[in-house]
Amino acid sequence: MAMAIATFLVLLLSVFEHSAAGESFDVRQHLSTVSRYGAVKDIAGHAFLPSNVPDGCSPIHLNLVARHGTRSPTKKRMRELDNLATHLESLLKDVKEQNLSLKKVPSWLWGWTSPSKGKLKGGELTDAGEDELYHLGIRIRERFPDLFNEEYHPDVFTIKATQVPRASASAVAFGMGLFSGRGSLGPGHQRAFAVISESRASDILLRFFDCCKNYKDFRKSQEPAVDKLKEPVIDEITAALKKRYRLNFTRQDTSSLWFLCKQEASLLDITDQACGLFSPSEVALLEWTDDLELFILKGYGKSLNYKMGVPLLKDVFDSMEQAIEAKEGNYAPGSYEKARLRFAHAETVVPFSCLLGLFLEQSEFKQMQREKPLQYPPKSPQKRNFRGSMVAPFAGNNMLVLYSCPANSSSKYFVQVLHNEHPIPMPGCDNSDLCPFEVFKERIVTPHMNHEYEALCNVKSEKVEPKPAPSKLSQLFHWLFPQGNEDDAQSLKVDL
């Protein structure tokens with residue numbers, strides 16, 4: 001009897017723990033770079049005690065590098081969801097024709113159509129995206145009132161965006177928040193302000209990835225290998241879905257359902273349809289596959305990914321030096337820049353974060369500066385620093401605030417880095433978020449300055465000579481005695 005009671009209590013505890021885990025798991029915080037800003041911006045990746053800005057110090061300049069806000073899916077992705085709807089309809093039809101059990105089929109699948117069905121265009125900033133940037137502008141003004149207390153002038157508050165409409169629209173939404181109540185337009189007392197854009201064909205500050213031929217060649221060559229790395233996880237989850245719902249899902253179905261989950265949760269706040277098909281552990285694994293791809297193709301996976309962003313880092317640093325010059329020269333208010341505000345893409349924010357060495361341990365930072373390869377993010381459920389939902393969610397951003405301090409301070413100028421509005425440790429500055437300007441220059445900026453964009457991106461790189469085609473006998477030998485994965489998967493080896 002005692003044994004039976006003990007067994008019952010263990011089972012009851014197990015059920016309670018599973019229920020509690022389900023209640024605490026918010027899928028909206030696990031959508032990699034499709035995460036909404038409000039869902040993830042206040043999540044701390046690890047315990048970090050930010051530095052206190054020394055007494056008497058005041059901000060004299062602010063740099064912002066931000067991603068556009070939440071957007072709708074692109075036309076390519078809308079077609080993917082239309083294809084998913086067609087295939088789901090076919091699967092359900094097969095189940096009915098074969099008189100199979102329908103008990104396990106989720107009710108929402110019957111008659112489901114893509115939320116973007118009938119739309120002709122996509123990729124635009126959504127209402128939620130506008131709201132994210134509008135309120136970011138308001139919060140920054142409230143946080144740094146002394147920086148934004150001057151009369152607006154485009155040379156004092158420089159706003160730049162890429163030519164992609166969702167980025168420029170994000171800049172407009174941000175400016176409306178930043179300058180709200182400062183003008184005479186309409187009941188909200190808005191004011192007009194300038195947003196500057198470079199041509200997409202030559203924008204090496206904010207769209208360096210699009211102008212870098214060597215990077216585009218690298219990415220195109222590695223995408224199939226990255227897909228190979230993700231396949232075991234996708235196949236494992238596909239098998240689980242088939243068993244769970246008695247539907248003959250394919251690998252493509254699983255990928256498309258995961259994309260649908262991200263769109264529903266991020267754009268529509270729906271978490272009990274596509275997202276409900278997956279268990280929390282499966283969501284964590286799918287999130288990891290997205291983060292792995294982000295790391296390899298846009299992040300620390302190859303030094304070219306972030307070295308091509310050096311023109312942006314130089315632009316940021318030059319603006320700091322100009323602010324220091326204005327401070328030292330006692331320039332008149334209104335005659336020098338106080339903020340440089342940029343709005344771009346995940347492909348901009350991720351490499352820029354890498355140039356700063358964010359989301360690395362100190363040993364990894366030293367490896368990165370020696371251009372040594374880094375370990376890939378460990379597979380879930382292991383913890384990892386590099387998570388797309390934290391590195392570059394919609395409206396994700398890095399702010400670099402330059403402080404001027406009294407003569408008796410340990411340094412006359414400090415740089416503070418805020419990621420998604422929160423202080424973040426810089427391994428190059430002994431894991432502090434507040435770095436003496438000269439240390440920031442010496443340890444973080446200068447090591448990257450020996451890379452010229454043109455040489456990195458458009459000078460033909462050395463290529464490995466192609467291997468001769470294997471003979472028929474060799475092919476037969478490898479088929480009978482397989483040696484492992486294909487070469488491209490080997491080049492991106494990861495502990496799956």
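If you go along the chain as it appears here, the first residue is 1 and each next one adds 1.
Even glycines carry a Cβ here, placed using N, Cα and C.
Taken from TrEMBL, the feature disulfide bond applies to CYS57-CYS405 (among others).
According to TrEMBL, the feature disulfide bond maps to CYS261-CYS275 (among others). Sequence-distant neighbours of CYS261 (disulfide bond) (same chain, 6+ residues apart, CB-CB distance under 8 A): VAL27, LEU31, GLN273, ALA274, CYS275, LEU277, PHE278, VAL283.
Other C-beta atoms found within 10 angstroms of the C-beta of CYS429 (disulfide bond) number 22, with every protein chain shown included. As annotated by TrEMBL, disulfide bond applies to CYS429-CYS435 (among others).
What TrEMBL lists as signal peptide is 1-22.
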| field | CYS405 (disulfide bond) versus CYS435 (disulfide bond) - Cα distance in angstrom | value | 12
| request: Counting Cβ neighbours within 10 Å across all chains shown, tell me which of the disulfide-bonded residues CYS275, CYS405, CYS435 comes out on top. | output: CYS435
| note | CYS57 (disulfide bond), Cβ-centred 10 Å count of other Cβ atoms over all protein chains shown, is 19
